[in-house]
Amino acid sequence: MLIAEAILVGLLIGGVVGALGAGGGILSVPALIFFLGYSPHTAAAGSLVVVGLTSLSSLLFRARRREVAWRRGLIFAAVSILGTLAGTALGAQISGRLLMFLFAGLMAVVGVVMLWRAARAGKSTPANSAENTAEDTANSGTPPPSAWRKILQTVLVALVTGLLTGLFGVGGGFLIVPALVMMGMQMRLAAGTSLLIMVITSVSGLLARLPDGFAGITWPALLLFAAASMLGGMLGGPLTRKVSNRALTAVFGILLLAISAYTAISTALGG
(Lines of atoms letter the chains of each structure in order from A and count residues from 1; the text may use other names and numbers.)
(Lines give C-alpha, C1' and ligand atoms only; values in the text may rest on other atoms or scores of the structure.)
Protein backbone atom coordinates (compact mmCIF):
# COMPACT_ATOMS: atom_id res chain seq x y z
CA MET A 1 0.00 0.00 0.00
CA LEU A 2 1.41 3.37 -0.95
CA ILE A 3 1.64 5.99 1.79
CA ALA A 4 -1.00 8.19 0.13
CA GLU A 5 -3.37 5.24 -0.24
CA ALA A 6 -2.85 4.18 3.38
CA ILE A 7 -3.68 7.66 4.61
CA LEU A 8 -6.70 8.11 2.32
CA VAL A 9 -8.29 4.73 3.07
CA GLY A 10 -7.51 5.07 6.77
CA LEU A 11 -9.18 8.48 6.90
CA LEU A 12 -12.25 7.10 5.14
CA ILE A 13 -12.61 4.15 7.51
CA GLY A 14 -12.03 6.30 10.57
CA GLY A 15 -14.60 8.80 9.38
CA VAL A 16 -17.21 6.05 9.07
CA VAL A 17 -16.46 4.80 12.59
CA GLY A 18 -16.59 8.28 14.08
CA ALA A 19 -19.82 9.18 12.30
CA LEU A 20 -21.79 5.96 12.71
CA GLY A 21 -20.07 4.17 15.61
CA ALA A 22 -19.68 1.20 13.25
CA GLY A 23 -18.07 0.00 10.05
CA GLY A 24 -14.35 0.14 10.85
CA GLY A 25 -13.58 -3.56 10.81
CA ILE A 26 -15.88 -4.47 7.97
CA LEU A 27 -14.03 -1.94 5.79
CA SER A 28 -10.54 -2.53 7.24
CA VAL A 29 -10.41 -6.24 6.43
CA PRO A 30 -10.83 -5.91 2.63
CA ALA A 31 -8.56 -2.84 2.63
CA LEU A 32 -5.76 -4.79 4.32
CA ILE A 33 -6.23 -7.74 1.96
CA PHE A 34 -6.41 -5.85 -1.33
CA PHE A 35 -3.99 -3.01 -0.56
CA LEU A 36 -1.47 -4.58 1.82
CA GLY A 37 -1.69 -8.09 0.42
CA TYR A 38 -2.51 -9.70 3.77
CA SER A 39 -4.00 -13.18 3.98
CA PRO A 40 -7.58 -13.24 5.32
CA HIS A 41 -6.44 -14.47 8.74
CA THR A 42 -3.67 -11.87 8.99
CA ALA A 43 -6.10 -9.15 7.86
CA ALA A 44 -8.52 -10.16 10.62
CA ALA A 45 -5.77 -9.72 13.22
CA GLY A 46 -4.59 -6.43 11.71
CA SER A 47 -8.15 -5.16 11.53
CA LEU A 48 -8.54 -5.59 15.27
CA VAL A 49 -5.59 -3.24 15.78
CA VAL A 50 -7.16 -0.65 13.48
CA VAL A 51 -10.65 -1.04 14.96
CA GLY A 52 -9.38 -0.86 18.53
CA LEU A 53 -7.30 2.27 18.02
CA THR A 54 -9.88 4.02 15.82
CA SER A 55 -12.71 3.24 18.23
CA LEU A 56 -10.60 4.53 21.11
CA SER A 57 -9.91 7.87 19.41
CA SER A 58 -13.59 8.28 18.52
CA LEU A 59 -14.62 7.21 22.03
CA LEU A 60 -12.61 10.06 23.56
CA PHE A 61 -14.59 12.57 21.49
CA ARG A 62 -17.93 10.98 22.41
CA ALA A 63 -16.99 10.75 26.10
CA ARG A 64 -16.28 14.48 26.24
CA ARG A 65 -19.80 15.07 24.96
CA ARG A 66 -21.23 12.61 27.53
CA GLU A 67 -22.45 10.30 24.76
CA VAL A 68 -21.30 7.04 26.38
CA ALA A 69 -23.35 4.81 28.71
CA TRP A 70 -20.41 3.30 30.57
CA ARG A 71 -22.16 0.75 32.79
CA ARG A 72 -24.37 -0.76 30.10
CA GLY A 73 -21.50 -0.71 27.63
CA LEU A 74 -19.21 -2.62 29.98
CA ILE A 75 -21.89 -5.24 30.65
CA PHE A 76 -22.52 -5.71 26.91
CA ALA A 77 -18.77 -5.99 26.27
CA ALA A 78 -18.33 -8.58 29.03
CA VAL A 79 -20.86 -10.85 27.32
CA SER A 80 -19.30 -10.20 23.91
CA ILE A 81 -15.89 -11.40 25.08
CA LEU A 82 -17.25 -14.95 25.36
CA GLY A 83 -18.28 -14.83 21.70
CA THR A 84 -14.92 -13.32 20.72
CA LEU A 85 -13.01 -16.25 22.21
CA ALA A 86 -15.27 -18.72 20.39
CA GLY A 87 -14.95 -16.84 17.10
CA THR A 88 -11.16 -16.74 17.31
CA ALA A 89 -11.00 -20.49 17.86
CA LEU A 90 -13.42 -21.14 14.99
CA GLY A 91 -11.57 -18.84 12.60
CA ALA A 92 -8.34 -20.78 13.08
CA GLN A 93 -10.08 -23.87 11.66
CA ILE A 94 -11.45 -22.21 8.50
CA SER A 95 -9.52 -21.82 5.25
CA GLY A 96 -8.72 -18.32 4.04
CA ARG A 97 -10.79 -18.80 0.87
CA LEU A 98 -13.91 -19.87 2.76
CA LEU A 99 -13.37 -17.03 5.22
CA MET A 100 -13.40 -14.54 2.33
CA PHE A 101 -16.64 -15.90 0.88
CA LEU A 102 -18.27 -15.78 4.32
CA PHE A 103 -17.01 -12.24 4.80
CA ALA A 104 -18.38 -11.16 1.40
CA GLY A 105 -21.74 -12.58 2.43
CA LEU A 106 -21.59 -10.69 5.72
CA MET A 107 -20.86 -7.42 3.93
CA ALA A 108 -23.76 -7.98 1.53
CA VAL A 109 -26.20 -8.64 4.37
CA VAL A 110 -25.04 -5.60 6.34
CA GLY A 111 -25.16 -3.44 3.20
CA VAL A 112 -28.78 -4.41 2.51
CA VAL A 113 -29.73 -3.81 6.14
CA MET A 114 -28.11 -0.38 6.08
CA LEU A 115 -30.00 0.62 2.92
CA TRP A 116 -33.24 -0.69 4.41
CA ARG A 117 -32.59 1.29 7.59
CA ALA A 118 -31.86 4.45 5.59
CA ALA A 119 -35.07 3.99 3.58
CA ARG A 120 -37.12 3.66 6.76
CA ALA A 121 -35.49 6.63 8.49
CA GLY A 122 -37.98 9.35 9.26
CA LYS A 123 -41.02 7.09 8.85
CA SER A 124 -41.19 6.25 12.56
CA THR A 125 -39.80 7.41 15.87
CA PRO A 126 -38.32 4.31 17.51
CA ALA A 127 -36.28 6.40 19.91
CA ASN A 128 -39.41 7.81 21.57
CA SER A 129 -40.97 4.37 21.75
CA ALA A 130 -37.83 2.95 23.32
CA GLU A 131 -37.76 5.77 25.88
CA ASN A 132 -41.36 5.05 26.89
CA THR A 133 -40.57 1.37 27.34
CA ALA A 134 -37.57 2.19 29.50
CA GLU A 135 -39.66 4.58 31.63
CA ASP A 136 -42.41 1.99 32.13
CA THR A 137 -39.84 -0.59 33.17
CA ALA A 138 -38.29 1.76 35.71
CA ASN A 139 -41.68 2.62 37.23
CA SER A 140 -42.77 -1.00 37.61
CA GLY A 141 -39.57 -2.14 39.32
CA THR A 142 -39.66 -5.47 37.43
CA PRO A 143 -39.06 -5.82 33.70
CA PRO A 144 -42.26 -6.76 31.84
CA PRO A 145 -42.22 -9.77 29.49
CA SER A 146 -41.31 -7.56 26.54
CA ALA A 147 -38.35 -6.20 28.52
CA TRP A 148 -37.13 -9.71 29.31
CA ARG A 149 -37.33 -10.48 25.59
CA LYS A 150 -35.19 -7.45 24.88
CA ILE A 151 -32.66 -8.54 27.50
CA LEU A 152 -32.39 -12.00 25.93
CA GLN A 153 -32.12 -10.50 22.45
CA THR A 154 -29.39 -8.15 23.64
CA VAL A 155 -27.41 -11.02 25.18
CA LEU A 156 -27.73 -12.92 21.90
CA VAL A 157 -26.57 -9.89 19.90
CA ALA A 158 -23.62 -9.44 22.28
CA LEU A 159 -22.55 -13.06 21.76
CA VAL A 160 -22.95 -12.83 17.97
CA THR A 161 -21.03 -9.56 17.93
CA GLY A 162 -18.17 -11.18 19.81
CA LEU A 163 -18.26 -14.17 17.47
CA LEU A 164 -17.93 -11.91 14.41
CA THR A 165 -15.12 -9.97 16.08
CA GLY A 166 -13.14 -13.12 16.73
CA LEU A 167 -13.91 -14.73 13.38
CA PHE A 168 -13.55 -11.82 10.95
CA GLY A 169 -11.82 -9.06 12.91
CA VAL A 170 -14.82 -6.73 12.68
CA GLY A 171 -16.01 -4.56 15.54
CA GLY A 172 -19.68 -5.43 15.12
CA GLY A 173 -20.96 -1.88 15.53
CA PHE A 174 -23.60 -2.52 12.85
CA LEU A 175 -25.19 -4.96 15.33
CA ILE A 176 -24.33 -3.18 18.56
CA VAL A 177 -25.88 0.20 17.72
CA PRO A 178 -29.40 -1.09 16.86
CA ALA A 179 -29.28 -3.43 19.87
CA LEU A 180 -28.54 -0.53 22.20
CA VAL A 181 -31.29 1.56 20.60
CA MET A 182 -33.64 -1.36 21.22
CA MET A 183 -32.62 -1.17 24.91
CA GLY A 184 -33.88 2.41 25.02
CA MET A 185 -30.80 4.48 24.14
CA GLN A 186 -30.85 7.56 21.96
CA MET A 187 -29.02 7.06 18.66
CA ARG A 188 -26.06 9.30 19.55
CA LEU A 189 -25.63 7.60 22.93
CA ALA A 190 -25.82 4.17 21.30
CA ALA A 191 -23.15 5.12 18.75
CA GLY A 192 -20.83 6.36 21.51
CA THR A 193 -21.40 3.31 23.70
CA SER A 194 -20.77 1.07 20.69
CA LEU A 195 -17.25 2.50 20.49
CA LEU A 196 -16.55 1.51 24.10
CA ILE A 197 -17.71 -2.03 23.39
CA MET A 198 -15.60 -2.28 20.22
CA VAL A 199 -12.47 -1.17 22.09
CA ILE A 200 -12.95 -3.93 24.65
CA THR A 201 -13.85 -6.69 22.19
CA SER A 202 -10.95 -5.74 19.90
CA VAL A 203 -8.49 -6.02 22.78
CA SER A 204 -9.94 -9.39 23.79
CA GLY A 205 -9.69 -10.59 20.18
CA LEU A 206 -6.06 -9.51 19.99
CA LEU A 207 -5.20 -11.25 23.26
CA ALA A 208 -6.91 -14.42 22.05
CA ARG A 209 -4.60 -14.47 19.01
CA LEU A 210 -1.39 -14.41 21.05
CA PRO A 211 1.31 -15.47 20.45
CA ASP A 212 1.14 -16.65 16.81
CA GLY A 213 -1.77 -14.68 15.36
CA PHE A 214 0.28 -11.71 14.15
CA ALA A 215 2.65 -13.43 11.75
CA GLY A 216 2.73 -11.64 8.40
CA ILE A 217 1.76 -8.21 9.72
CA THR A 218 3.91 -5.34 8.45
CA TRP A 219 3.69 -3.11 11.49
CA PRO A 220 4.93 0.22 10.03
CA ALA A 221 2.31 0.15 7.26
CA LEU A 222 -0.43 -1.08 9.59
CA LEU A 223 0.27 1.58 12.22
CA LEU A 224 0.31 4.30 9.54
CA PHE A 225 -3.04 3.00 8.35
CA ALA A 226 -4.33 2.96 11.94
CA ALA A 227 -3.05 6.50 12.64
CA ALA A 228 -4.90 7.85 9.60
CA SER A 229 -7.99 5.95 10.70
CA MET A 230 -7.75 7.46 14.20
CA LEU A 231 -7.59 10.94 12.67
CA GLY A 232 -10.58 10.12 10.52
CA GLY A 233 -12.42 8.93 13.61
CA MET A 234 -11.90 12.28 15.32
CA LEU A 235 -13.14 14.07 12.19
CA GLY A 236 -16.10 11.74 11.74
CA GLY A 237 -17.60 12.49 15.15
CA PRO A 238 -18.42 16.14 14.38
CA LEU A 239 -19.63 15.05 10.92
CA THR A 240 -22.78 13.62 12.49
CA ARG A 241 -23.91 17.16 13.28
CA LYS A 242 -23.49 18.35 9.68
CA VAL A 243 -24.70 15.39 7.59
CA SER A 244 -27.89 13.44 8.28
CA ASN A 245 -27.52 9.96 9.71
CA ARG A 246 -29.81 8.70 6.94
CA ALA A 247 -27.43 9.91 4.22
CA LEU A 248 -24.37 8.47 5.97
CA THR A 249 -26.10 5.12 6.44
CA ALA A 250 -27.17 4.95 2.78
CA VAL A 251 -23.67 5.71 1.49
CA PHE A 252 -22.22 3.11 3.86
CA GLY A 253 -24.68 0.49 2.62
CA ILE A 254 -23.87 1.14 -1.05
CA LEU A 255 -20.14 1.01 -0.30
CA LEU A 256 -20.50 -2.33 1.47
CA LEU A 257 -22.45 -3.89 -1.41
CA ALA A 258 -19.79 -2.77 -3.90
CA ILE A 259 -16.93 -4.14 -1.78
CA SER A 260 -18.86 -7.36 -1.17
CA ALA A 261 -19.26 -7.96 -4.91
CA TYR A 262 -15.60 -7.20 -5.57
CA THR A 263 -14.48 -9.50 -2.75
CA ALA A 264 -16.62 -12.41 -3.91
CA ILE A 265 -15.57 -12.09 -7.56
CA SER A 266 -11.89 -11.66 -6.69
CA THR A 267 -11.95 -14.70 -4.41
CA ALA A 268 -13.79 -16.82 -6.98
CA LEU A 269 -11.19 -15.91 -9.62
CA GLY A 270 -8.40 -16.75 -7.23
CA GLY A 271 -7.33 -13.12 -6.72
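Residue positions begin at 1 at the first shown residue.
Every residue gets a Cβ built from N, Cα and C, even glycine.
TrEMBL annotations: computationally assigned, not manually curated.
On a predicted model such as this, the values are computed, not experimentally measured, just so you know.
Taken from TrEMBL, the feature transmembrane segment covers 7-36, 42-61, 73-92, 98-116, 155-181, 187-207, 214-235, 247-269.
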Given the cut-off of 8 Å on Cβ pairs that are 6 or more apart in sequence, determine whether the transmembrane segment (42-61) and the transmembrane segment (187-207) share at least 3 such pairs.
yes
I'd like to know if the transmembrane segment (7-36) touches the transmembrane segment (247-269) in this structure, counting it as a touch only when three or more C-beta pairs sit under 8 Å and are separated by 6 or more positions.
yes
Within the same chain, the residues 6 or more beyond the ends of the transmembrane segment (98-116) and with Cβ under 8 Å of it are 26, 29-30, 33, 40-41, 44, 91, 164, 167-168, 170, 174, 249-250, 252-257, 259-261, 263-264, 267
Out of 7-36, 73-92, 187-207, 214-235, which stretch touches the transmembrane segment (155-181) the most, going by CB pairs under 8 Å?
73-92
